[in-house]
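Read through the structure below, which is laid out as structure tokens, and then see the notes.
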């Protein structure tokens, strides 16, 4: 073949290749156009089908507020939706999917430009997802006022008022323990003065769960004021038992049993109880809808994914409200200093199994009487290792009976024995479940340890499991019980066994999850001392809540919240009332002050008889002291006081001597000054004066 022929053939082949190439490109473009057309048509059909199904579904559900999804074909700019950051339909975009147009460009400029639009769209989606507050009506003048009466600046005693100008609800009514030195005071309850002021607009008391620090004050409140009381069955069951003890059975007529996931109207509020995990059965968070916006109150909580009853926190409902837009979150701060997550209640089981398996004698397990899951687990392992179960302690027996009767737990009755039957069984066949984990002097465990219990004393071979942590303020009491148990040579499993107790409160990672689910505009950390709520504030800031949208409250503070603002508007009288738990009676503040005075400075008592004419003490006058000096020195002290009074009477005028009240005050003032000069303290003075 010649060179010319070769060139001609190459030219012909090149022309044919070029023609084939152009035909291939035309075919590819046609196929691309047809594919895009089919894509749009299918997407439109799917959207129409989805609209039809959605509309039919909403008709069945009777939810008129839900509008059919017609976003694929907006008729007017006002109909554009923010759903999935979709502002408009481009030629190459169908329902959140964009096709690439710059397929054959030489570089990547157009391709990257299209990708960048996708990045911007997804960023917009994320921003709106994290901040759904645009759904709130910022022009609304409605607001709510939050007033904590207990539970802030302290551990326990939780009580809070949420109110509008015309309506109010009270969330929880709990008790707390007194500090050392409040002699004869067993529990503290919130001051109800503010409730008396607003009683005409209180629509109800809302209970989150049945722990004592949330329900312990209810009988004392109902002795003064009565309102509808809303709660889940266990909460109302335990409150009802308290009412029986206080002679308030008739007030059960105020009880309202609620169902979770079912919003109800209470005054001007719409409230939904949302299942939450905690260290007691049937705990709830609250979704409170108001004209100003939605409020979420977590109650006490942790996020337990493997709870004993297999009923985890209802994260869906929390997220549901978060997507709708939440104005205010009030969240549990108790464990705000604890990093990570709180272990599941179910992690206790292996430790119990090991301890019960290895125990040679009796097993005595003490925990909070309200921690029914903990008690239930202990009893199950007692049964597993063929032990008879003795439940000892009034509150423990009561709570367990109520939980069984209501169907929360199921246990064979034949496994249980009474306290007076324990001695009939070998030690390795007995489990005693009892109260006293906080070292209470009247508890069953304390009385066993001090040989004061009628039927049971601690033996050297006993294994005592204290499955609880000391509440702040109770450390000394718990230590005292531990000392008694160890002196009895019992084996004690307490804090060195980290896996026999877990907290019921959320640690930092769970608090973060709650904040991310709810995405509140404003945040009020609750439940804890000031250092706890301050640490919770830092966690909230890390989760995107602006610092200016967070306020740290104390008991008595009044904070007003609206869609566009949060501010402190005042302070009301708050404080504590004292209760003698043995008599179930309140103790006047003045009595507590007198007891403190006597404890710190002692008492001096004087009953004097005066001869007015001689201006002298009669021999029948009597003096005594307590807590000032020892018995040996008391006579010398009394002689000093008598001598001083003789001098005082000689210089007293007739007006004082003839008026018993003035004579008594005159004598008291002299004794008070004399004792202060001698001891540099003011003892309590008991003085009676008579003149003849």
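Glycine is treated like the rest: Cβ placed from N, Cα and C.
Feature annotation from Swiss-Prot assigns region 'Disordered' to 1-91.
Positions annotated as compositional bias 'Basic and acidic residues' by Swiss-Prot: 9-25.
What Swiss-Prot records for 57-79 is compositional bias 'Basic residues'.
Within the same chain, the residues at least 6 positions away from residue 135 (N6-acetyllysine) whose Cβ sits under 8 Å from its Cβ are 324, 325, listed in sequence order. DSSP gives residue 135 (N6-acetyllysine) a helix state. Taken from Swiss-Prot, the feature N6-acetyllysine applies to 135 (among others), supported by similarity to another entry.
Here residue 141 (N6-acetyllysine) comes close to 562: these same-chain residues lie at least six apart in sequence, with C-beta atoms under 8 angstroms from its C-beta. Swiss-Prot lists 141 (among others) with the feature N6-acetyllysine, giving similarity to another entry as the kind of evidence.
Annotated Zn(2+) 1 binding site per Swiss-Prot: 209, 211, 278, 300, in sequence order, evidence recorded as sequence analysis. In the three-state DSSP assignment, the secondary structure recorded for residue 300 (Zn(2+) 1 binding site) is coil.
Taken from Swiss-Prot, the feature Zn(2+) 2 binding site applies to 213, 214, 300, 527, supported by sequence analysis. Over all protein chains present, the Cβ of residue 213 (Zn(2+) 2 binding site) has 24 other Cβ atoms lying within 10 Å. According to DSSP, residue 213 (Zn(2+) 2 binding site) sits within a helical segment.
Swiss-Prot lists 324 (among others) with the feature N6-acetyllysine. Residue 324 (N6-acetyllysine) is surrounded by 14 other CB atoms, counting those within 10 A of its CB over all protein chains shown.
What Swiss-Prot lists as N6-acetyllysine is 338 (among others). Residue 338 (N6-acetyllysine) counts 17 other C-beta atoms within 10 Å of its own C-beta, drawing on all protein chains shown.
Swiss-Prot lists 398 (among others) with the feature N6-acetyllysine, giving similarity to another entry as the kind of evidence. With a cut-off of 8 Å between CB atoms and residues at least 6 apart in sequence, the same chain places 238, 241, 369 near residue 398 (N6-acetyllysine), listed in sequence order.
In the structure as shown, the Cβ atom of residue 501 (substrate binding site) sits within 10 Å of 23 other Cβ atoms. What Swiss-Prot lists as substrate binding site is 501, 502, 503, 504, 505.
For residue 512 (N6-acetyllysine), applying a Cβ distance below 8 Å and a minimum sequence separation of six or more within one chain yields 539, 542, 543. The N6-acetyllysine feature in Swiss-Prot is assigned to 512 (among others); the stated evidence is similarity to another entry.
Per Swiss-Prot, N6-acetyllysine is recorded for 548 (among others). Of all Cβ atoms in the shown protein chains, 8 besides its own fall within 10 Å of the Cβ of residue 548 (N6-acetyllysine).
What Swiss-Prot records for 635 (among others) is N6-acetyllysine, and it gives similarity to another entry as the kind of evidence. Using a 10 Å Cβ-Cβ cutoff, residue 635 (N6-acetyllysine) registers 11 neighbours.
Swiss-Prot lists 650 (among others) with the feature N6-acetyllysine. Long-range Cβ proximity for residue 650 (N6-acetyllysine), meaning a same-chain Cβ under 8 A and a gap of 6 or more residues, is found for 615, 616.
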In whole Å, how far is residue 548 (N6-acetyllysine) from residue 502 (substrate binding site) when you measure between their Cα atoms? 34
Here's one to test understanding: among the recorded positions 278, 300, 338, 501, whose C-alpha is closest in space to the C-alpha of residue 214 (Zn(2+) 2 binding site)? 300
Judged by the number of other CB atoms within 10 angstroms, which among 209, 278, 505 is the least packed of the binding-site residues? 505
Using C-alpha positions only, work out which of the recorded positions 278, 300, 505, 635 is nearest to residue 213 (Zn(2+) 2 binding site). 300
At 10 angstroms around each C-beta, which of the binding-site residues 211, 214, 527 has the fewest other C-beta atoms nearby? 211
